[in-house]
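Novice: This is the structure, below, for whatever I ask next.
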Amino acid sequence: MTASVARFIESFIPENYNLFLDINRSEKTFTGNVAITGEAIDNHISLHQKDLTINSVLLDNESLNFQMDDANEAFHIELPETGVLTIFIEFSGRITDNMTGIYPSYYTYNGEKKEIISTQFEISHFAREAFPCVDEPEAKATFDLSLKFDAEEGDTALSNMPEINSHLREETGVWTFETTPRMSTYLLAFGFGALHGKTAKTKNGTEVGVFATVAQAENSFDFALDIAVRVIEFYEDYFQVKYPIPLSYHLALPDFSAGAMENWGLVTYREVYLLVDENSSAASRQQVALVVAHELAHQWFGNLVTMKWWDDLWLNESFANMMEYVSVNAIEPSWNIFEGFPNKLGVPNALQRDATDGVQSVHMEVSHPDEINTLFDSAIVYAKGSRLMHMLRRWLGDEAFAKGLKAYFEKHQYNNTVGRDLWNALSEASGKDVSSFMDTWLEQPGYPVVSAEVVDDTLILSQKQFFIGEHEDKGRLWEIPLNTNWNGLPDTLSGERIEIPNYSQLATENNGVLRLNTANTAHYITDYQGQLLDNILEDFANLDTVSKLQILQERRLLAESGRISYASLVGLLDLVEKEESFFLISQAKSQILAGLKRFIDEDTEAEVHYKALVRRQFQNDFERLGFDAKEGESDEDEMVRQTALSYLIEADYQPTVLAAANVFQAHKENIESIPASIRGLVLINQMKQENSLSLVEEYINAYVATNDSNFRRQLTQALSYLKNQEGLDYVLGQLKDKNVVKPQDLYLWYMNFLSKSFAQETVWDWAKENWEWIKAALGGDMSFDSFVNIPAGIFKNQERLDQYIAFFEPQTSDKALERNILMGIKTIAARVDLIEKEKAAVESALKDY
């Protein structure tokens with residue numbers, strides 16, 4: 001750990017916080033006091049605080065000298081003695097709308113604007129906004145929380161633990177909660193206001209509840225409640241460690257910066273990731289199930305056992321990202337959710353970003369406090385990390401993996417660990433050297449491409465770091481599990497190259513074509529060459545869904561790097577034209593089409609050919625499934641229809657255009673009542689056809705009026721299709737009004753509009769002109785990085801690259817943004833170069849298709 005990040009636990013080790021908060025919603029202020037019991041190692045100790053007023057610091061009723069240090073979000077205390085002691089601190093602070101610390105969430109109920117109060121203390125900086133503490137994950141302690149607030153009739157307060165002494169609350173107005181288990185400060189949470197919910201119990205007696213504002217219908221709680229109960233029961237069986245606390249409450253918040261937060265016993269969510277109403281799509285239900293399962297995995301991996309410092313954040317997130325799929329696959333096997341695991345976790349983004357020179361490794365040290373935020377890189381820590389955990393699980397076997405986890409939880413419960421502690425537990429359970437296997441994957445950035453070819457009857461396998469764009473090859477090597485389907489081949493590729501003789505004999509002795517990385521569980525791609533590729537493509541129809549998806553994903557990445565021509569991908573689409581798997585259609589096929597679209601300019605002959613390709617690819621799905629849902633159809637059919645119709649409407653396929661227009665007219669008086677699975681594409685179609693200011697205003701009004709987060713997202717996307725400057729100016733005029741667009745959702749508007757050629761120039765100029773406002777509104781929000789990353793994922797010509805560099809390069813002094821800016825420049829440059837080299841070939845391939 002570098003010295004630039006001060007570690008306060010080295011001078012004071014807290015054991016218990018007895019915390020009282022008195023919150024005044026109307027004044028947006030709070031006062032409080034905290035008695036912190038702990039061991040002082042030194043006479044000079046430091047505690048974290050951010051934007052707090054420290055009124056007094058007492059030890060045994062005697063005032064202590066202290067010095068404020070706002071620059072380091074701290075204050076420093078002089079103690080007369082060391083050892084175990086209790087410091088009493090009185091303080092006050094303000095409630096802001098930054099969605100960090102203690103903050104309000106706003107919603108509309110019966111036409112009136114209301115608010116609830118809740119907390120967000122992760123990532124590293126936010127518990128200190130609510131009370132003085134050692135705000136570091138290693139500084140675990142127990143918490144006794146008491147709350148008082150300007151309550152209104154019917155208000156409810158929730159926290160990590162059950163309420164105690166409720167009979168006294170009627171006299172004092174103070175809500176008091178049971179002592180928490182030993183845990184990190186970032187996991188403390190509470191929420192209060194006009195809330196309601198439903199509860200159930202697991203077979204082991206844990207009370208599970210789903211809660212939201214009174215604006216949300218009670219029946220929208222049922223789905224998540226059922227999932228939560230069954231997932232907890234699954235994890236208890238799988239880990240062989242009981243859920244450790246009495247309750248598991250899940251609270252949907254109207255305003256929330258992250259997707260969800262694993263506070264122990266009181267998990268908080270964006271409403272879209274917890275609530276499922278009767279008019280919901282299969283895709284949204286599956287998304288809710290995965291998010292709930294992810295947060296519940298953290299109750300063991302992250303809460304019960306916690307990383308010692310943020311550089312081991314991957315221990316939390318990589319594991320939870322994998323276990324969400326393991327658990328949901330176990331409780332809902334009919335969803336075939338594991339077919340989507342190789343891609344659904346943002347793996348395509350991970351494989352793309354991880355191929356850019358300069359990317360971070362999964363495990364990286366933090367050299368500056370502001371860099372802690374950058375550790376939450378979803379493509380690397382979440383998606384790549386989960387892929388590595390899945391690779392490890394397969395390498396060990398599920399039985400040894402689960403056995404090792406049980407030992408890990410039992411040994412380290414209520415304490416902190418580093419990655420090596422997990423490796424030791426898994427090594428003991430399996431008899432394998434996990435550390436030597438995993439270190440190259442966690443400590444090195446990037447990943448390898450394995451080239452496979454046959455030369456003179458010798459199978460040659462070689463590894464090299466895979467890059468997209470300009471790079472410096474440093475000769476990195478990985479311990480690669482080959483996971484081949486043939487006998488007679490090595491298990492692992494450790495060196496740069498291996499040669500296996502007698503290929504023709506091996507082919508005779510084995511069934512099927514040679515495949516590496518079967519089930520696509522390891523974090524590398526394969527470049528099959530010559531006859532090996534020909535064999536796979538000839539046998540493509542006989543491969544399983546995951547293998548088909550993997551082959552197309554790998555060929556696309558090879559095209560992104562320039563190792564093969566992008567134009568060659570056009571012909572590969574023939575292989576999946578009649579496939580009915582949702583994952584093949586929505587992921588492999590969609591990724592190739594999205595890649596090809598970057599080479600196409602609007603209103604050109606090439607666009608005509610591209611749309612013809614799209615219509616051909618999805619016409620079979622439309623003819624098979626139609627426009628309207630059929631009674632008793634599978635979730636997969638619903639999701640395939642949704643994807644196919646979206647593409648066909650994009651490609652102006654008239655039968656779908658007319659059908660969508662008819663649906664809109666039938667629901668014109670209440671567009672929210674359109675079936676959720678097709679509502680988004682119906683709204684898009686209407687905007688494409690009508691393109692009027694009055695429709696823009698209608699959509700904006702519907703956006704403000706609804707409490708359905710999915711509907712809001714669909715309206716945002718539909719609005720981005722307008723090609724009307726007056727309408728665009730009207731939309732941009734709404735973005736800074738928090739009563740219209742919540743700050744947490746601003747990035748969705750930015751992403752949707754910036755990706756459309758008509759709006760791009762205007763929206764890009766708006767973002768640059770309003771950058772300081774965006775920074776002020778979202779500086780504490782985990783979506784702030786998106787305003788650097790989104791244009792990097794969209795821009796595709798030299799003019800935009802030059803503009804991106806001119807605007808962002810001067811901001812690289814901001815450590816929280818530096819890596820994303822430098823990565824963004826490289827990403828756009830690689831795209832510009834690829835399009836320049838391949839544009840003519842792609843246009844020709846589309847014309848000849």
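Glycine residues also receive a Cβ, built from the backbone N, Cα and C atoms like all the rest.
Among the features that Swiss-Prot reports, active site, proton acceptor is placed at GLU295, with the record citing sequence analysis. The feature substrate binding site is assigned by Swiss-Prot to GLU122, GLY259, ALA260, MET261, GLU262, ASN263. Residues or ranges marked as Zn(2+) binding site in Swiss-Prot: HIS294, HIS298, GLU317. Per Swiss-Prot, site 'Transition state stabilizer' is recorded for TYR382.
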Novice: Within 10 Å of GLU295 (active site, proton acceptor) by C-alpha distance: pick out those among the binding-site residues GLU122, ALA260, MET261, GLU262, ASN263, and say none if nothing qualifies.
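Specialist: Of everything listed, what lies within 10 Å of GLU295 (active site, proton acceptor) (Cα to Cα) is ALA260, MET261, GLU262, ASN263.
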Novice: Reduce the DSSP letter at GLU317 (Zn(2+) binding site) to three states and note it down.
Specialist: helix
Novice: State the Cα to Cα distance, in Å, between GLU122 (substrate binding site) and GLU317 (Zn(2+) binding site), rounded to an integer.
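Specialist: Cα of GLU122 (substrate binding site) to Cα of GLU317 (Zn(2+) binding site) measures 13 Å after rounding.
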Novice: What's the CA to CA span in angstrom from ASN263 (substrate binding site) over to HIS294 (Zn(2+) binding site)?
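Specialist: Per the Cα atoms, ASN263 (substrate binding site) and HIS294 (Zn(2+) binding site) stand 12 Å apart.
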Novice: Hey, of HIS294, HIS298, TYR382, which of those recorded positions are within 10 Å of ALA260 (substrate binding site), Cα to Cα?
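Specialist: Of HIS294, HIS298, TYR382, within range: HIS294.
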Novice: Run through GLY259, GLU262, TYR382 for me and report the recorded positions whose CA is within 10 Å of the CA of HIS298 (Zn(2+) binding site), in sequence order.
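Specialist: Passing the 10 Å Cα cut: GLU262.
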Novice: Quick one: Cα separation, GLU262 (substrate binding site) versus HIS294 (Zn(2+) binding site), in Å?
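Specialist: With the alpha carbons as reference points, the distance is 9 Å.
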Novice: For the recorded Zn(2+) site, whose residues are HIS294, HIS298, GLU317, find every other residue on that chain with a C-beta no more than 8 angstroms from the centre of their C-beta atoms, and list them by sequence position.
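Specialist: In sequence order, the nearby non-listed residues are GLU262, GLU295, ALA297, PHE301, GLY302, ASN316, PHE319, ALA320, ASN321, MET323, GLU324.
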Novice: Could you tell me the maximum Cα-Cα distance in Å between the residues recorded as binding substrate, namely GLU122, GLY259, ALA260, MET261, GLU262, ASN263, rounded to a whole number?
Specialist: 13
Novice: Near the substrate site, what residues other than GLU122, GLY259, ALA260, MET261, GLU262, ASN263 in the same chain have a C-beta no further than 8 Å from the centroid of the listed C-beta atoms?
Specialist: GLN120, ALA258, VAL267, THR268, TYR269, GLU295, HIS298
Novice: Measuring Cα to Cα, tell me the gap between GLY259 (substrate binding site) and HIS294 (Zn(2+) binding site) in whole angstrom.
Specialist: 11
Novice: Could you measure between TYR382 (site 'Transition state stabilizer') and GLU317 (Zn(2+) binding site) for me? Cα positions, answer in whole angstrom.
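Specialist: On Cα coordinates alone, these residues lie 5 Å apart.
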Novice: In the three-state scheme derived from DSSP, which category covers GLU122 (substrate binding site)?
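Specialist: For GLU122 (substrate binding site) - judged by DSSP and reduced to three states - the answer is coil.
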